[in-house]
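Visitor: Can you read through this structure? Questions will come right after.
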Number of protein chains: 2
Amino acid sequence: MVKENAEYSRKKSSLDKVSKYIPAVRWLRSYTKEDAISDCIAGITLGLTMIPQSIAYAALAGLTPQDGLNSAFVGCFIYSFFGTIKEVVIGPTSLMALLTYEYTHHLSSDFVILLCFLCGVVELIMGALNLGFLVELISAPVVSGFTTATSLIIVVSQMKSLLGLKFSSEGILDNIIKLCQNVKKVRTGDTLLGLTCIICLLLLRKLKDVNIPDKFPYRSVIKKTLWFISTGRNALIVVLSALVAFYYKEKGGAVPFYTTRTADTSIPSIRLPPMSTTFNNRTYTFPEMVSSLGTGYLVIPIISVLANVAIAKAFVNGAVEASHEMVTLSLCNMAGSLVQSMPTTGAFTRSAVASASGVRTPLAGLYAAALTFMALGFLGSYFHYIPKATLAAVLIAAVIFLVDWEIVKQLWKKSWLDLFTVGCTLIACITLGVELGLLLGVVVGLINLVYRWARPEILVENQKSYSGNVVMVTPMTGFYFPAVDFVSSAVQKAGLTKGRGKATVYVDCSRFSGTDYTVAKGINSLVAAFEKRGQKLQFINVPANCYALWTGTGCKEVYFKRTEDSTNIFDDSGKALQILEEDNDKEPEQKSLLSKEDCQV
Amino acid sequence: MVKENAEYSRKKSSLDKVSKYIPAVRWLRSYTKEDAISDCIAGITLGLTMIPQSIAYAALAGLTPQDGLNSAFVGCFIYSFFGTIKEVVIGPTSLMALLTYEYTHHLSSDFVILLCFLCGVVELIMGALNLGFLVELISAPVVSGFTTATSLIIVVSQMKSLLGLKFSSEGILDNIIKLCQNVKKVRTGDTLLGLTCIICLLLLRKLKDVNIPDKFPYRSVIKKTLWFISTGRNALIVVLSALVAFYYKEKGGAVPFYTTRTADTSIPSIRLPPMSTTFNNRTYTFPEMVSSLGTGYLVIPIISVLANVAIAKAFVNGAVEASHEMVTLSLCNMAGSLVQSMPTTGAFTRSAVASASGVRTPLAGLYAAALTFMALGFLGSYFHYIPKATLAAVLIAAVIFLVDWEIVKQLWKKSWLDLFTVGCTLIACITLGVELGLLLGVVVGLINLVYRWARPEILVENQKSYSGNVVMVTPMTGFYFPAVDFVSSAVQKAGLTKGRGKATVYVDCSRFSGTDYTVAKGINSLVAAFEKRGQKLQFINVPANCYALWTGTGCKEVYFKRTEDSTNIFDDSGKALQILEEDNDKEPEQKSLLSKEDCQV
């Protein structure tokens, strides 16, 4: 049995070694026909969404459509082999576009490419340093707030295309205001098409759950067809709408709705990122280029990693291999810089579309990448038939199911703090931007964690030994620097009130998992105060690491009894302890520990 | 006895109420003649240091000498009544000067006065919100690194005046480079005077410790005189040097060393801070003025509070009443804005001088304030006799004793983390500036605290009950969101390896002090994984608050046994547990808890 286990784990570990670096190996070993069909449908849908989106986001960053498509296909391609999360789709996103614009709007496109490369390098360093654990700081309420906020932002931002309006806006609030201002300019054609698409998408979504009586003829064929139509609904709707546009154009009449912008594009050439450039009649060396980018090459990777992991966490139930994701993202960006890409990260909208299209493995990205690549080469001329309102409908129908109402119901009256975190993140994401919203959510969580160390619960008990009354003070968690004043005051108060300035005070350190130098200094002050008063103070059950640090940094040994010495501490006088009165009955375990002492005599 | 205590505490509390707000009441009740003499000496020394310093710092902020002196005397005056720490001296500092310059160099002095007022308002809000606890995040190693760095920076920055050099520099490194470049321009007069002053100061410092034989005539008078000279050494040296300068000037010859710049000043008039102003032919309303100041009115108060408390912690052994300090600082700034002050905070150099001059209570500030006030009115013309080299010598001799070598010796091999914090803070303070250094030190401390929650120690034991083997997993600290993946993996691994995928796994939650929603979701995933495998999983000793949150947010009740239910948990089969093998013998208490269960049958 043990041998079998060893054999199994050896086999497993050699497979693990390969699939650890190229997770595609893992999928491919058990890749079925259904998986392939699902991935193909999802991939094509993704491609159809990705191409117009990439062009739009490139424009947002002040770049050309060619730049946008270049950025899109490389990320998709690399991620399908090295990625771990099937829903994640790497490419240009609105967040990256805005940040890139912020750091490079006064510079040339060479700087954007270098920025993309540097982002990759920084992400690689983050991955190599195993900084992946940092993303564990993104708690479930933060993910929920972020997801809901992003979904709402996307819905609002797509309303414009859905209603056939044209204006530029900054942020969700400005968008809503401008929607209201332009309400009279709403175009019937776009609105009708968009709403029809949304209704069709929502109905088709339910199609695969339709119950067919057992005895119905060709039941299994019908069931498969329904599933196929339901899963491929996004691609289907896009193609059908494009056909409608094609029909109108062939007829020679005006198309009653806006279609996607076309652009002259070509297969990108592969070349190293620029290490020097000439811009505005000035030659920039590599260090000058880097310094022109300001803090961009630090801020963008951090935010892209945060966003990527937040998206991953929104779709995955369980652990995200964050360090691996960082390295993969780094590869996408470094490879991207070879084909003149802008910085990329996981795209929330496209992840939602992939999820809604029944994606099975990251390999779906391969189809999307291929489609984008073909668009660059020769498909470009066909894409201008895709109506804008249809794409808006696809995005809206994919993200509305990500708005997380459930969490509010679950947390109501159960955990106000978690609910507060959801609210903070949600509101900050909407009003200040998703990057600041994410950050605020993380900070709220961290403040709470630090607070737990700073204000430990403290149990104070009067106890009676035959030699007199003693006071037992038990802090319920570890003892680190933010708690120094708090615990010191509690011990002082216990000594003065419960111990009336006379009774020996015992501080039970059994729950301390560690300590630091500030605590040692605090204990020294505390000991001095008790000495001055002539009251006895004793720390018992001191763990070995605390004992070493405290006595090593100037505290007198006589005040501390290690765990192993503490069992005999009350036997010095040959007498035992009896619980006299209690302040706090929250922790029966502690009391049983004490009564155990009691029993020993 | 109890009644006496109550009487005592009632009396004490009524006194506390007054002295809580005006701590001067506390000092004055037991103010002795020696205190008065010490404070007077320290106060005059302070005044003599403060006047030229304030003029210099005002220049650094782009303001006039009048502004600098205005800023100095109000802070000193207010703090002597409301302050709690005898060494702290409020006034313009190099840090405040640099920050003020950063935010207002493109604006008029009206903006500086408004900034000072707004800083006071923000500090008041911080104090009122009881944000004082935030300063508990400044650990002893951070204070040590900050103190040492500031001392070194001051020594280097004063070398210029000590050697009679004149150049402007940015930061300590630039200062050192420029010192080296200008080494040939060193003036003999200044250097000789400066070094003589330092040697005299160091010798005089030791004077009060001179041992006089018991039978020596007039022993007590001599001892008192020596103490007086030793304590008043800073003032003495300044006055003597000024007399030397006076002698040279009266003789009509050139003074062989630089003396302090003189300035036309007058008693300031009291008026409300400007709520609108005209600058560069444009009228600014109050909101426009505020928005011109950028984030200054938030950043400056936060940094001034941090710096003030870090200085306080460097001189005080024990707790600093941080919220009270915030309110006091706020009063200093709000009152300061009435007499056209720039933003002020505790000054490290002057605190060092006060400490070196044997200050006894904050009332020393009163003498310094009076001297500064007189300087504004009519003493101004005398101050230009004070040699710059002498002032540099006074500052250097005061701060060199604050360089904290001791902490390195104490922490070596005892706590690398604390030592790392000292090093980080020190290096960052010197290279990036003290405000960023302080911040970095705090952040390093916080990362460590969060890490303790994220990576709890976990005890895994195989145990035998008569119904079969079970696995006992005990995380040693609480369970919050950053630990979800880590603890889940540990429980999974325990179930698969120790439990061979079959034995029941018990997770002992007795050490959990709290939990959150992310944990509940993590437990759900964990339970699902065990269910899928058909292995039994049970959380025992679950505290009431964890039980409520977990079962309230979707976890099935059957998996949890509360603390009160857990004592009977192994009795279901009428059998008991026996420790089979142990992985970890670090925590005997846990084992004794288990053997207690064992005993119950």
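Glycine too: its Cβ is placed from the backbone N, Cα and C atoms.
Residues or ranges marked as compositional bias 'Basic and acidic residues' by TrEMBL: A:587-601. Summarising the annotation, TrEMBL assigns domain 'SLC26A/SulP transporter' to A:38-422. Residues annotated as region 'Disordered' in TrEMBL: A:581-601. What TrEMBL lists as transmembrane segment is A:36-60, A:72-99, A:111-131, A:137-156, A:225-248, A:296-316, A:364-383, A:389-407, A:419-450.
Help me see these features in their spatial surroundings.
Guide: Note on the domain 'SLC26A/SulP transporter' (A:38-422): its mean pLDDT in the predicted model is 86.
Long-range contacts of the transmembrane segment (A:72-99) within the same chain: residues 21-24, 46, 50-51, 53-54, 57-58, 60-61, 157, 296, 299-300, 303-304, 307-308, 311-312, 315-316, 320-321, 324-325, 327-329, 331-333, 335-336, 338-339, 341-351, 354-355, 359-366, 368-369, 372-373, 376, 433-435, each at least 6 residues beyond the stretch ends and with a Cβ under 8 Å from a Cβ of the stretch.
Below 8 angstroms of C-beta separation, residues 61, 63, 67, 71, 100, 103-104, 273-275, 277, 279, 289-290, 292-293, 296-298, 300-302, 304-305, 323-324, 326-327, 329-337, 340-344 of the same chain, each at least six residues beyond the ends of the transmembrane segment (A:111-131), sit close to that stretch.
Within the chain carrying the transmembrane segment (A:225-248), a Cβ under 8 angstroms from the stretch's Cβ atoms is held by residues 37-38, 41-42, 44-45, 48-49, 193, 197, 200-201, 204-208, 210, 254-257, 259, 353, 356-358, 382, 385-387, 389-391, 393-394, 397-398, all 6 or more beyond its ends.
Sequence-distant contacts of the transmembrane segment (A:296-316) (same chain, at least 6 residues past either end, Cβ-Cβ under 8 Å): 85, 87-88, 90, 93, 95-96, 99-100, 102-104, 115, 118-119, 121-123, 126, 135, 138, 140, 142-143, 146-147, 290, 322, 325-326, 329, 343-348, 351, 355, 402, 434-435, 438-439.
Same-chain residues lying 6 or more positions outside the transmembrane segment (A:389-407) and placing a CB less than 8 Å from one of its CB atoms are 45, 49, 52-53, 140-141, 144, 147-148, 150-152, 154-155, 158-164, 190-191, 193-195, 197-198, 201-202, 205, 234, 237-238, 241-242, 257-258, 260, 314, 348-349, 352-353, 355-356, 422.
Here the transmembrane segment (A:419-450) has Cβ contacts under 8 Å with residues 95, 98-99, 137-139, 141-142, 144-146, 148-150, 152-153, 171-173, 303, 306-307, 310, 407-408, 411-412, 482 of the same chain, all six or more residues outside its ends.
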Visitor: At a C-beta cut-off of under 8 Å, are there same-chain residues at least 6 beyond the transmembrane segment (A:137-156) that contact it? List them, or none.
Guide: 172, 175-176, 179, 306, 309-310, 313-314, 348-349, 352, 395-396, 399-400, 402-404, 407, 411, 418-419, 421-426, 429-430, 434, 437-438, 441-442, 444-446
